[in-house]
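Here TrEMBL flags 20-295 as domain 'Tryptophan synthase beta chain-like PALP'. Taken from TrEMBL, the feature N6-(pyridoxal phosphate)lysine applies to 47. Residues or ranges marked as active site, nucleophile in TrEMBL: 74.
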C-alpha cells in the first residue's frame, strides 16, 4: 500500500525567515515568517497537515473514496485531488454553484488528477451536511468518506498541532495565522505553549461563529481549550476573497521588502491584521511575532482581475 511519504516526507524541513519591514524594525518588533508555502508545490501550506491523518485513515479502511466540498478556486480541493491521484484514492469534489462554461484553473487541475466534479446550486451547498443531501450523494457514488469543507474534519487537530513543532514557539509572544474553517488554529491551540498568545484572522465577514466552531473542533478531538487565543474579526476586507486598496498595498509592501509573496485571501489578511496591530501600539518593543504563511498560492490565478480592479 502506498503511504503518505510517497507524496511528502513525514517530517519536512520548513524554513523560518526573518522579515525586515521598516515599520516593525522602527517599533523594535521582530517579525518572522513560517514558510509553509514551501512544503510542497501542490499540497501547499496547512493543507498537508489537514489532510495527513485523514488520508492515512482512508488508506487503512476498506473504502478508498473521499468526497469533500469547496468553491471554484478551493485550495483544499486542489490539494485533495493531487494527494488522491498520488495515493490511489478516488476523490469527489462537490462544487458550490452551477457548472460554468469554462472551468477554473483549479478545477481543471483537479479534474486532470481524476477528481469527479459534482456541481450543486448555492442553496444545496448551504445544506451540504444535511443527511438527505449526503444520502443522495451516496446513492450516486456509493460509499465514501466525507471530509468537511476546508479539510477541518476529525483528524485536523492531530495534523495541525504538528505545525507548532516546526519552530521554537516559546521564543514568540504572538503567533498569527489566517482562519477559514478554524481547523488550523484549533490545531495550534491544542499544542500552544503556556505564555504564548495566538491570533486567528478570519477571512469571512461575520465570523463570530468561529469561536464556537473552533471550540467544537477541539472538543471532538478531546482537547481542552487552554485559552490564550483571540480572533481579529476586522480584517476580512468585505468578505471571503474580497480585497481592499489597503490590503493590496500591504501585499505589495511585504513583497517589496521581503521578496516573498503573500496571497490576498488568507495570509495577506493575517499580515494586514499584524500591520494594523502594530500601528495601534499593541505590539510592544522587544516583541517577537510569528506569522504563518499557510500557502494557497495556486488560488492567485483567480484573483488577478480583482486585484487589478482594486488598484484602478
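Counting begins at 1 with the first residue displayed.
Cβ atoms are placed via backbone N, Cα and C, with glycine included.
Since the structure is predicted, the reported quantities are computational estimates derived from the model, not experimental observations.
Secondary structure from DSSP puts residue 74 (active site, nucleophile) in coil.
Cα-Cα distance from the residue listed as 'active site, nucleophile' to the residue listed as 'N6-(pyridoxal phosphate)lysine': 11 Å (rounded to the nearest whole number).
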